[in-house]
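Taken from Swiss-Prot as is:
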ACT_SITE  Cys50  active site, nucleophile
BINDING   Thr49, Cys50, Asn51, Arg52, Ser107, Glu112, Pro113, Gln114, Gln118  substrate binding site
BINDING   Gly187, Ala188, Gly189, Glu190, Thr191, Ile192  NADP(+) binding site
SITE      His97  site 'Important for activity'
Amino acid sequence: MAFLALGINHKTASVDVRERVAFTPDQMVEALRQLCRVTPTREAAILSTCNRSELYLQQDEVEAEAVLAWLASYHRLSLDELKACAYVHVDDQAVRHMMRVASGLDSLVLGEPQILGQMKSAYAVAREAGSVGPLLGRLFQATFSTAKTVRTDTAIGENPVSVAFAAVSLARQIFSNLQRSQALLIGAGETITLVARHLHEQGVKRIVVANRTLERASALAAELGAHAILLADIPDELHNSDIVISSTASQLPILGKGAVEQALKRRKHKPMFMVDIAVPRDIESQVGELDDVYLYTVDDLHEVVAENLKSRQGAAQAAEELVAAGTEDFMQRLRELAAVDVLKAYRQHAERIRDDELSKAQRLLANGASAEDALAQLARGLTNKLLHAPSVQLKKLSAEGRVEALSMAQELFALHEGTEKP
């Protein structure tokens, strides 16, 4: 039995590669079922965000190569290209990695809380797909518990920062007074919701939320006193926007160079600040070629968050210690779990012997034997049969020179120098 955590993230792969290896919500269930069908994987879950695509697996033996080959084939890129930026963690290292990810210790923004919710969503989708069972399920529950402990027992979450907060911080650097700025937010998911709240707190003059469905855009807009439009209405609104921040799950770009050029003309080339948080990207990279556009992607946010990270570095060590403890606790419980099946089988074996010997004793009594004789026969039968298999195996192992088996037997049966301890 083996646990694996493999994939790519913002530290190992560029945004170009990450967007090619990303899974859309619509792909997830079938991808999980296909993964379990065509690779030697018993249980699986997929976490796909703008900063990482990771697979969490339970296999009988480590078969990472087969999974990487499937991942490359699924996303139509070469195996060599994927291997160049992929990582594979096995067993306790896989457990530790999952717990670090869920705790925000492996995030672009140290300690950011959104990743835990994203991991819980990944677990829920895996349950829907039927690809997660008792073993991976236990690992997810242990991961969530450790992440909660990290969040409550350390200062890792203080001075809240996130990709959303970093985007707004960058906007504040470019526009000294956000209260005179107008913002267009594309999408209505968790990240855009956080962006909207941060902008609202900064007193942005006007916020417009554009989404594929008006219902979700309206719900977010109502919360903040903003305006809601459909994606199709963006060209009519774009020229009003000083700030454009986009994060959707679209497979195709939402904004192209031509649309932005038209908006700039209507703005008389007043600068526009744009942040594309999506993977795959919502805003064509060519937009960044325009003179009056400041276009940033998630990979450009590193410097913005550097200052905020300093305040969390002290808490990171305490968080790492909690993750190490959580990892060891889970692995210990897993080792104990491995003994359960053996103990269950041995108990069933002992109960069969007990039932057989009890039946013999009852027949002796029915045939007129004394209770003393029946009990003596029962005791001898139980002793001989319970000791028979261990005795045969110990002699065999001793003859083979397996002296460690004798020491283990003494420990197993709590024997000391060949006799039972009083």
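Placement of Cβ uses the backbone N, Cα and C atoms for every residue, glycine included.
Counted over all residue pairs in Thr49, Cys50, Asn51, Arg52, Ser107, Glu112, Pro113, Gln114, Gln118, the record's binders of substrate, the longest Cα to Cα distance measures 15 angstrom. Mapped onto three states, the DSSP output places His97 (site 'Important for activity') in helix. Taken residue by residue with DSSP, Ala188 (NADP(+) binding site) is part of neither helix nor strand, so it is coil.
On a Cα basis, the residue listed as 'active site, nucleophile' lies 10 Å away from Thr191 (NADP(+) binding site). Cβ packing within 10 Å was compared across the recorded positions Cys50, Asn51, Ser107, Gly187, Glu190, and the lowest neighbour count falls to Glu190. Residue density at His97 (site 'Important for activity'): 26 other Cβ atoms are found within 10 A of its Cβ, drawing on all protein chains shown.
According to DSSP, Gln118 (substrate binding site) sits within a helical segment. Annotated pair Thr49 (substrate binding site) and His97 (site 'Important for activity'), C-alpha to C-alpha distance, rounded: 16 Å.
Of all the recorded positions listed here (Cys50, Ser107, Pro113), Cys50 has the Cα closest to the Cα of Gly189 (NADP(+) binding site).
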